[in-house]
Amino acid sequence: MGCDRNCGLIAGAVIGAVLALFGGILMPVGDMLIEKTIKKEVVLEEGTIAFKNWVKTGTTVYRQFWIFDVQNPDEVAKNSSKIKVKQRGPYTYRVRYLAKENITQDVEDSTVSFVQPNGAIFEPSLSVGTENDTFTVLNLAVAAAPHIYTNSFVQVVLNSLIKKSKSSMFQTRTLRELLWGYKDPFLSLVPYPISTTVGVFYPYNDTVDGVYKVFNGKDNISKVAIIDSYKGKKNLSYWPSYCDMINGTDAASFPPFVEKSRTLRFFSSDICRSIYAVFESDIDLKGIPVYRFILPAKAFASPLQNPENECFCTEKVISNNCTSYGVLDISKCKEGKPVYISLPHFLHASPDISEPIEGLNPNEEEHRTYLDVEPITGFTLQFAKRLQVNILVKPARKIEALKNLKRNYIVPILWLNETGTIGDEKAEMFRNQVTGKIKMLGLVEMVLLGLGVVMFVAFMISYCACRSKNRK
């Protein structure tokens with residue numbers, strides 16, 4: 001009887017030890033299986049989860065616009081007063097709904113090339129008005145003329161055409177005209193062939209962005225989705241030194257197994273440069289743990305604050321010898337047009353940039369850019385890209401519409417918020433196929449290990465107690 005009891009206790013302890021051992025072994029083995037599965041599924045090739053969502057995003061992406069309506073145009077043009085603006089919006093469009101085209105795999109260098117078609121569909125239910133709403137905004141053609149044509153004689157000729165077309169420093173345009181293009185009366189009088197259509201995003205609809213060539217991760221998963229070339233070039237030809245490099249992904253996804261200490265680098269054709277984001281916090285997105293990465297203030301800092309930005313300062317006068325910060329001159333990639341990019345309401349910009357403008361209210365929560373990245377797969381499941389488009393206006397003695405100006409203005413035209421969040425159906429599928437399985441495996445590991453240890457300890461204590469009792 002005593003032997004049977006002792007044997008049973010020893011057997012229980014052995015079973016517990018085996019369960020604990022199995023649970024311990026399952027941890028590294030399970031991690032290896034997960035890693036192997038993830039590495040297979042994030043490769044950009046036919047048949048993987050990543051490829052299916054990469055070709056055509058399952059996330060609805062919206063681009064919201066807020067227009068800066070100028071309240072005192074005559075006062076500014078006559079007296080060089082501060083520009084008073086009133087933000088109006090949002091006006092919402094659905095974008096990025098078209099699948100990538102011309103997808104071509106290159107087996108030799110493990111890359112895939114494609115173009116991204118552009119299209120925008122107005123969403124009245126998500127907007128404060130219609131595409132026919134009107135705004136008083138800077139005259140884009142008049143403001144750009146002295147920048148593109150610096151010769152005094154040419155400016156005299158242009159001035160006569162500006163006067164003949166009855167154009168001025170400011171104009172009234174509908175939302176549709178301002179965003180997507182209108183026939184400019186001044187440019188229509190220019191006696192040699194030039195494009196007479198002007199718009200902040202003209203041309204956009206029925207155009208494509210690319211060609212992009214990215215690594216598919218087939219031979220090296222740590223390079224998946226990283227851009228190898230853009231429009232056939234590995235450098236942009238806009239900036240000196242390393243600032244000209246195309247560095248990172250397109251921000252839709254990143255190489256898997258993202259760590260909080262990693263800096264996420266991505267390229268944006270909207271701002272004609274590569275930029276980066278740093279970890280801010282852990283977020284629960286529809287039951288999926290994600291890491292929130294944000295665009296740090298130092299990304300747009302002056303070279304004095306961030307020496308890495310020295311090669312982005314290509315102009316000394318407007319930037320006050322590279323001491324101003326918070327705006328980026330992208331005129332070189334806009335055919336010489338004086339376009340400056342910033343965060344909305346000049347968030348994180350130096351005081352001299354926003355001083356000539358009244359009506360701005362920068363807010364970190366509302367105006368910052370962020371990416372919510374699922375760390376195991378590297379997929380971006382939620383994002384908000386926020387940018388402001390500005391035009392530089394300088395005094396021009398030969399152009400009457402600008403001759404009364406006594407200072408330079410970086411005039412805000414509009415700001416945009418491009419957002420996307422994984423849908424409920426996609427989130428459920430993601431939980432079931434990725435995070436749910438990982439959680440279940442982790443739970444099984446812990447149950448086996450915990451149960452095994454408890455059984456081993458309990459049966460061993462009982463066995464020792466029994467032995468001690470039998471001796472007595």
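Counting begins at 1 with the first residue displayed.
Placed from the backbone N, Cα and C atoms, the Cβ positions cover glycine too.
When TrEMBL is consulted, the disulfide partner of Cys272, picked from Cys311, Cys313, Cys322, Cys333, turns out to be Cys333. Disulfide connectivity taken from TrEMBL links Cys313 to one of Cys243, Cys322, namely Cys322. Comparing Cys311 (disulfide bond) with Cys322 (disulfide bond), their Cα atoms are 10 Å apart once rounded. Long-range Cβ contacts of Cys333 (disulfide bond) within its own chain (separation 6+, distance under 8 Å): Leu236, Tyr238, Cys272. A C-beta separation below 8 Å, combined with a sequence spacing of at least six in one chain, links Cys322 (disulfide bond) to Ser302, Pro303, Leu304, Glu310, Cys313, Lys316. The Cβ of Cys311 has fewer other Cβ atoms within 10 Å than any other of the disulfide-bonded residues Cys243, Cys272, Cys311, Cys313.
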